[in-house]
Amino acid sequence: MNEKQRKEQAQIKQVSSVDRKSSQDKPLSEKTTEDFAHYFQTTYTPPDIKKARKRGRDKIEVHYDFEIPEEMSKIGKGKKFLIRTYGCQMNEHDTEVMAGILSEMGYESTLDTDDADIILLNTCAIRENAENKVFGELGHLKPLKLEKPDLIIGVCGCMSQQESVVNRIMQKHQQVDLIFGTHNIHRLPDLIKEAMFSKVQVVEVWSKEGDIIENLPKVRHGQIKAWVNIMYGCDKFCTYCIVPMTRGKERSRRPEDIIREVRHLAAQGYQEVTLLGQNVNAYGKDFDDIEYRFADLMNDMHKIDIPRVRFTTSHPRDFDDHLIEVLAKGGNLLDHIHLPVQSGSSEILRKMNRKYTRESYLELVAKIKKAIPNVTLTTDIIVGFPNETDEQFEETMTLMEEVGFEAAYTFIYSPREGTPAAVKKDDVPMEVKKERLYRLNDLVNKQSAESMDAYEGKVVKVLVEGESKKDETVLAGYTEKNKVVNFKGPKSIIGKIVDVKITDTKTWSLNGELVEKTAEVSN
Ligand code: SAH
Ligand code: SF4
Ligand code: F3S
């Protein structure tokens, strides 16, 4: 089919639904053009925050019965897939699940676009530039699709949860065969079948979150560190953030399933797990049958024989005393906490709906430092929130110093349609926002460099991950506090935790020498 025919046929696109309920009403094959009419509108309906805020505590069911339909289990034999991942660790981990599903369908992975039979873009909607990258990539893929009409191009992840994006792709990017949302990943085999055989654009985006499906296959990236989802979604509704709309409401995996997964990883020789969630310390709040929270989970992690346990991201609001007490036990619970503050101004924090103040954040930091004296704190900061004044920005600068963050991800505020902050008039010019970001970044670099300098001559424990990206005669790994260390050593120590003496420090990394025995160990 040529491009023109494709376009014509796209007028009767098959869309399973943006709404799970109506998708269940009618099988796809029985749908008429009218059923898809809402997709042809050019006006954009933003994600409905009011509806999302009211979402109730519908019972989330946990399923253990995922299987690849028989007819799809060999369909990928001799074929290859490529998944490009944008955004956060949640997406990285979803990619591992999709790679698992595709592998069970017989596909092999490739890094070469020309070689791929399926290309999936697992997208991020957090800031405008994240979205622009994806639209740029779709443009690059267009000639390939024209050359290889059987190639399946799919868009999934957080961007596809937004109706505006779906509309834009349907209208302007006919090279895309398949669009599916973050709650539809387990439907991948059926969706690929649909995309393969119907040869028309297939869209399936459930606006309502799905249940938890436990036994999805995964192909993990590497055998040293692993991600483990402990919860999905976010109910915090920070006024700038799209995530509560793209990922649905908070829902926690059952403790026994998480513990089993981590034990299994430990038995396979993994050295480190990172527990994942948009705010992991809200874990368990949605359980109505058991009193089991994040602190309890970390306490159970502490008992598992795996050398390193990390978590991301924790929200200051749910960081309770019990959690601090458990983390202070140390052992495999590392003394690095990523605790996004977003702003140092209480007024801006109020406008962001963060539900804490500068003062209460500092109190929390003081409590953490008292319980874990050697703790390393890192953070996320947004500059240029609508109408942020110079004084308010200065408060962010002073907070940065006062806490002594050793690293920070810093962002210029990006309005996201459908979020409350996006409709606010904003009197701060972009030039001023950029200026603030540069100043903040200078401070972040300075604090990071200072924290690195303190390691000179010290011995640190490094989990060796592989060869350095820049020089294959050099090995690279991470300390317990997540600092990159480069040093020379035999390849046989890749995947092990070794002692390295730091000889030289840079702003964002450390150089060192492998040591056999150490007198003094610093993390
Ligand atoms: N759940 C985590 C963070 C998720 S998003 C938390 O609450 O800490 C990662 C970071 O992206 C956020 O911490 C925030 O700093 C940034 N971010 C989110 N929305 C943004 C927006 N609209 N503009 C700029 N940065 C944003
Ligand atoms: Fe977004 Fe706030 Fe939820 Fe983090 S806690 S994902 S910033 S709404
Ligand atoms: Fe982006 Fe979605 Fe993660 S918006 S930051 S990929 S949850």
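Yeah, the Cβs are placed from backbone N, Cα and C, and that goes for glycine too.
Taken verbatim from TrEMBL:
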COMPBIAS  1-10  compositional bias 'Basic and acidic residues'
REGION    1-34  region 'Disordered'
COMPBIAS  18-34  compositional bias 'Basic and acidic residues'
DOMAIN    79-197  domain 'MTTase N-terminal'
BINDING   Cys88, Cys124, Cys158  [4Fe-4S] cluster 1 binding site
DOMAIN    220-450  domain 'Radical SAM core'
BINDING   Cys234, Cys238, Cys241  [4Fe-4S] cluster 2 binding site
DOMAIN    453-516  domain 'TRAM'
Excluding Cys88, Cys124, Cys158 themselves, which residues in that chain have a Cβ inside 8 Å of the centre of the Cβ atoms defining the [4Fe-4S] cluster 1 site?
-> Tyr86, Gly87, Met90, Asn91, Thr123, Ala125, Ile126, Ala130, Gly157, Val243, Thr246
Most Cβ neighbours within 10 Å, among the binding-site residues Cys88, Cys158, Cys241, goes to Cys158
Do me a favour and check the Cα-Cα span between Cys234 ([4Fe-4S] cluster 2 binding site) and Cys88 ([4Fe-4S] cluster 1 binding site); whole Å is fine.
-> 14
Enumerate the residues of the same chain, Cys234, Cys238, Cys241 excluded, that satisfy the criterion Cβ within 8 A of the mean position of the Cβ atoms of the recorded [4Fe-4S] cluster 2 site; list them in sequence order.
-> Lys236, Phe237, Tyr240, Ile242, Val243, Pro244, Gln278
Output: those binding-site residues from Cys124, Cys158, Cys234, Cys238, Cys241 whose CB lies less than 6 Å from an atom of ligand 3, in sequence order; none if no residue fits.
-> Cys124, Cys158
Over the domain 'MTTase N-terminal' (79-197), what is the model's mean pLDDT?
-> 95
Between the C-alpha atoms of Cys238 ([4Fe-4S] cluster 2 binding site) and Cys158 ([4Fe-4S] cluster 1 binding site), the distance in angstrom, to the nearest integer, is 17
Around the Cβ of Cys234 ([4Fe-4S] cluster 2 binding site), how many other Cβ atoms lie within 10 Å? Please give the count over every shown protein chain.
-> 23
Would you list the DSSP helix, strand and coil counts for the residues of the domain 'TRAM' (453-516)?
-> 4 helix, 34 strand, 26 coil
One should report the C-alpha separation between Cys124 ([4Fe-4S] cluster 1 binding site) and Cys241 ([4Fe-4S] cluster 2 binding site), rounded to whole angstrom, as 12
For ligand 1, which among the binding-site residues Cys124, Cys158, Cys241 have a CB under 6 Å from it?
-> Cys241
Spatial separation of Cys241 ([4Fe-4S] cluster 2 binding site) from Cys88 ([4Fe-4S] cluster 1 binding site) - C-alpha basis, Å | 14
Taking only the Cα atoms, work out how far Cys241 ([4Fe-4S] cluster 2 binding site) lies from Cys158 ([4Fe-4S] cluster 1 binding site), in Å, as a whole number.
-> 12
Close to ligand 2, in the sense of Cβ under 6 Å, among Cys88, Cys124, Cys238 as binding-site residues, are Cys238
